[in-house]
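**Student:** Please read through the structure below; I'll follow up with questions.
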Amino acid sequence: MRTTYVAGNWKMNMDREGTVALVKELVAQLKNCKNKVMIAPPFVYLDLVSQLVKGTNILLGAQNCAATDNGAHTGEISVAMLKDLGVQVVILGHSERRYEFGECDELINMKVTRALAAGLDVIICIGELLAQREVGRAEKVCERQLNSALMGVSKEQLSHVTIAYEPVWAIGTGKTATPEDAQQIHSYARKVIAKMYDQEAADNIIIQYGGSMNVKNYKELLAQSDVDGGLIGGASLKAETFIPICNG
Ligand code: PGA
């Protein structure tokens, strides 16, 4: 049985005061949550959130990391720095990083292998553009992204990897993939993992759905047999919209 895993990707949102209020509420209200929950605030609030979630069942995530070790890399944040702050998970390959900041498959793979080698868990985001879906290439795009992101990742390390299927056209747009669309790609991604590793690895890997998941649609999405959780953007910014999804 795979655990349900719900992660909140705050992106470039919130301020110090809102962060403290939201995290305190999540800590209080999720203390008996049976699912795995992670929140990924902006880098500048990681230290603050780290203090607030210490000793609780909420995992601390970062939204990105550098592909290189400490050194002369202006503006970058290394995995060592993240670990120093108590970060346990890093989100990599998000479509906003791919398309807004030009991150290619090769760079994402460098980040994945570096984070795993440092002992961090990773969430690898994959997903097709609308134009790719319209010409029937959604599965192939996701397969290429998985093959590339996981290059050099051992089966043992794969237990520290979560996949997030996020169709790019559904992110922050209010358009959600239908539960059937999500299920189709999730099941395909699992087959890709079986091909790359083996059936056991495929059966065990957690595959989250992301893209306008909210209080209205999460139940139907999570009811799909290969949808094991969610990577939540907009709805993770308020306790009343995030907590119900966390409780799944
Ligand atoms: P959204 O973002 O829930 O606001 O669509 C999801 C994500 O990008 O991780």
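The count begins at 1 with the first shown residue.
Here the Cβ of each residue, glycine as well, is placed from N, Cα and C on the backbone.
Because TrEMBL annotations are produced automatically, they should be read as predictions rather than curated entries.
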**Student:** Looking at substrate binding as recorded in TrEMBL, which candidate out of Gly55, Gly71, Gly172 goes with Asn9, Trp10, Lys11, Ser212, Gly233, Gly234?
**Tutor:** Gly172
**Student:** Return the maximum Cα to Cα distance in Å (whole number) over the record's substrate-binding residues: Asn9, Trp10, Lys11, Gly172, Ser212, Gly233, Gly234.
**Tutor:** 14
**Student:** Same chain, not part of Asn9, Trp10, Lys11, Gly172, Ser212, Gly233, Gly234: whose C-beta falls within 8 angstroms of the C-beta centre of the substrate site? Give them in sequence order.
**Tutor:** Asn13, Ile171, Ile232, Ala235, Ser236, Leu237
**Student:** Could you tell me which of the binding-site residues Trp10, Lys11, Ser212, Gly234 have their C-beta within a distance under 6 angstroms of some atom of ligand 1?
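**Tutor:** The ones that qualify, in sequence order, are Ser212, Gly234.
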**Student:** Got a sec? Which of these binding-site residues, Gly172, Gly234, has the most Cβ atoms within 10 Å?
**Tutor:** Gly234
